[in-house]
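First up is the structure itself, then whatever we jot down about it.
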Amino acid sequence: MRSDEVKKGWHRAPHRSLFRATGLKDEDFEKPFIGVANSFIEIIPGHFFLNKYAEIVKDEIRKNGCVPFEFNTIGVDDGIAMGHDGMLYSLPSREIIANSIETVMNAHKLDALICIPNCDKITPGMVMGALRVNVPSIFVTGGPMRAGHMPDGTPIDLATVFEGVGKFEKGEIDEETLYNLECLACPGGGSCSGMFTANSMNTLIEAMGIALKGNGTVLALTPEREELLRAAARRICEIAKDEQLTEQYRIKNIINEKAIHNAFVVDMAMGGSSNTVLHMMAIAKEADVDFDLHKLNEIARHTSHIAKISPSLQTVHMEDIHRAGGMSAVMKEISRRSDTILYLDNPVIEGGTVADRIKDAEVKDPEVIHPIENPYSKVGGLAILFGNLAEEGCVIKTAGITGERKFRGKAVCFNSQQEAIEGITSGKIKKGDVVVIRYEGPKGGPGMQEMLAPTSLIMGMGLGSDVALITDGRFSGATRGLSIGHVSPEAAEGGMIGLLKDGDIIEIDVDNFSINVDLTPEEIEKRKKEFTPIKKEVPGKWLKQYRMLVTNASNGAVLRAE
């Protein structure tokens, strides 16, 4: 066992002495040591109950002949950090989480890992950290929140509240309606109920095989979710106690190139958050998988979009996907397409393959999970656009487009999200404009803020089908409309988005994966020579360190290690 390095032999007497101080007995030094990476934090609705979940996991680990050691990571609630400089810290928190997993697991030579994340950057951060350690690892998340309902029964969620602010600004709803939205949208614990970033990532870790069947859709705070916790704990013990299984189920043996492909296939089929591209590129790098962004458009061409969930379809939430058969039903339906790129032979953590996991699955509600013969679209719900405005690519959630997929309009440029919010609310944006929000990339922000407030204002003001928005920042999973993010190179590194001027004509063609500004090569070269990027003042020391080390979005916004 890996943990023998800290517990076996006469020279480890001091180490054992410290372990005994925590309550370990002689017999415990013969057992595998299991790290329980929790992310309990009281301020996040998807995490305030995870302390109880960790107790369930640890109890099951002890019952199954192993020794659990719980430790915690930090967490940021993107919804609460939204719309102010707190959002600068959201994406950087992913790197702290990854570093903390790597640090605790390697410093103490733990044999295996069970991770309990749920929201936003916490799930991908834990996956990245687990890949660095490369021991057997199993993920069991806190689970999705139930959808909220208005007094008339209309289903709502957090995205409805954000858009409600825009409607209130425009005078379309009164203060009482906005208050009802605020009070009823989030009825209890769990990751926000739509296909936002948290639930997108939690379905993708199930698709990759490092979480058990049902992980992405079983609701939080239910007996079914508690049994999932116990099953995950039993399985990690079974693996850790067997030398052959320990080698077989190292996390890099599961998250390989096929698993990355499978994650993106499922992402396309369900129209997941555009943030998944950022996180999956980072995960691919940690897994030593060379994944080119151009591959996503190829995957999109071979993947039907068969499930729409809020914010793409506001009446459907994660509980509906679970009722309709869950992720296994989605994957089985995808596999029926003759040219699918879903790899059914890849391993899953419970043993066997993807094919074994989904063989008995069935779609129980074809209105929620459409049959492959009747998809929402024959191409996937995400696309990567390239052109002179984004030579290294940018991302759009095609599943959320509410208007035309081809757009030509005049640029209205803002050098920060706050500038954009002020411009939108003051009436500066009109039909046919392209809102450009720059210096919000990983380096320029720094921290790559989410642009949910500007996009929600645009939707709430009734301009969602008539205005495009492009940014080197990113979007909340709750964003919809013609919203294009992750523009690379970003403005802070001299990207074309930084050279744009008000009135420049921007052409977007989603179906041909292109985005360009209508300027001559001579004019572009002239602007490059005259260009000096803006460098923002930022609070604290961590963001300054982050800005020095972070790569752009096309590289997953990971930190340079060399």
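Every residue, even glycine, has its Cβ placed from backbone N, Cα and C.
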### Message
Of the residues E440, E450, E490, only one is listed by Swiss-Prot in the Mg(2+) site with D78, D120, K121. Which is it?
### Response
E450
### Task
May I ask for the distance between E450 (Mg(2+) binding site) and S476 (active site, proton acceptor), taken between their Cα atoms and rounded to an integer number of Å?
5
### Message
Between the Cα atoms of C192 ([2Fe-2S] cluster binding site) and K121 (Mg(2+) binding site), what distance do you get, rounded to the nearest Å?
### Response
14
#### Entry: Inter-residue C-alpha distance, D120 (Mg(2+) binding site) and S476 (active site, proton acceptor) (nearest angstrom)
9
### Task
Determine, for the Mg(2+) site, the additional residues of the same chain whose CB lies within 8 Å of the mean position of the CB atoms of D78, D120, K121, E450; present them in sequence order.
V76, D77, A81, M87, S90, L91, C119, T197, N275, S476
### Query
How many whole Å apart are the CA atoms of K121 (Mg(2+) binding site) and S476 (active site, proton acceptor)?
11
### Tertiary neighbours of C119 ([2Fe-2S] cluster binding site) (same chain, Cβ under 8 Å, six or more apart)
I44, P45, G46, H47, G75, D77, D78, G142, S191, C192, T197, A198
